[in-house]
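**Q** The structure follows.
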Amino acid sequence: MIIFFEIWHWSWALLGCYLNLLLTYLAIFRSPKAIKSYATLIINFAATDFVECALDLFIQTRLVAVPGEAKLVYIFNGPCKYTGSLSCKVGLSFLLHCLTHSVWSLLISFGYRFYILHNPALSRLTLLKITIMFYIPSLVQALTYWTLFVPREKILPLAKQWFPYYDLETETGVLTGVIDLTNFVAVYAVAHICLPFFPVYITIFVLRQKIMKYLGGQSQMMSQDTKAAHTQLLRALTTQAIIPMFLGIAVLLYFSSQSGLLKSPILEYSIFSVAILMPALSPITYLYFVRPYRQKVKRIIRHPFKLLSRPHERATSNSGVFYSGDHPTHFSKPVIAVH
């Protein structure tokens, strides 16, 4: 069984790393002027998801929750087991902070789309400051959560009591855990990972409905190209909003395991195996919907070894940025600052 999940992590993590690196490159060098400010958020998404995929590949976590108790056991089966337990612990802490930052970033993206319907586009510096402000809670989580992990010598005797039916002594991965989830640092981390997801998700869909209502009410005042361009980016964001449901599933699996509702090694492996799908699939939305990105991807598929050819070329046109099915949607710069 462990072989299957190792292949799963390697496959999805490597795919996610490649797609997010590609998206970062395209957002920096191929973003049209019309979405230059928004490209800041795209780069934020891509960088966060790349780090998350790389860390998932590095640690490959099995989460064994102690049913009915505030305790967790972690088993790391990734390459980090060859670099020391500390690297596994810090790796998990930063992976979890990427998950939370991705959720906040999604909220920023939808909020910005709603904002620019009534206001001029924000500068890239302003968007960067907003992103950093939302990033601080996740950074605090990353810098503190790893300090809670106890060494193998301390967790193994306890884990054998909690799970006598597991042969944990022969476990080849790094064995560690958190023996007190009531600690303030642990409460902060678990709450920050699990609680914001569903309120943020509800807010995202409320914003989506407001944007759709506004576009419908302003349809006679907007040009067809402008409205179509907004609609296409909204579709990209909506698709991207569906993808984090994988994180929601992972959270529900964790609660099921922690509460004792479900108990299975497959469940323990599946929590992080499901979560990796979010950062691995997320970049596809922009690679498909943003026309210059999509055109570049097609050229890469035809000539896979020419990704970095002519990097000095930058997308300068404000037209044809978003795709509608197989046809480009043309718009001019006011699409970013619709009043």
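Note that Cβ sites are derived from N, Cα and C of the backbone, with glycine treated the same way.
In case it helps, Swiss-Prot gives these features for our protein:
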- 2-22: transmembrane segment (TRANSMEM)
- 39-59: transmembrane segment (TRANSMEM)
- 90-110: transmembrane segment (TRANSMEM)
- 130-150: transmembrane segment (TRANSMEM)
- 187-207: transmembrane segment (TRANSMEM)
- 242-262: transmembrane segment (TRANSMEM)
- 270-290: transmembrane segment (TRANSMEM)
**Q** What residues in the same chain, six or more past the boundaries of the transmembrane segment (242-262), come closer than 8 Å to it by Cβ-Cβ distance?
**A** 63-68, 99, 102-103, 106, 193-194, 197-198, 201, 268, 270-272, 274-275, 277-278, 281-282, 285
**Q** Under a Cβ pair cut-off of under 8 Å, which of the recorded stretches 2-22, 39-59, 90-110, 130-150 contacts the transmembrane segment (187-207) most often?
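**A** Highest pair count goes to 90-110.
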**Q** Go through the chain and flag residues at least 6 beyond the ends of the transmembrane segment (2-22) whose CB is under 8 A from any CB in it; none is fine as an answer.
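**A** Residues 46-47, 49-50, 52-54, 56-57, 60, 62, 77-78, 269, 272-273, 276-277, 279-284, 287, 297, 300, 307.
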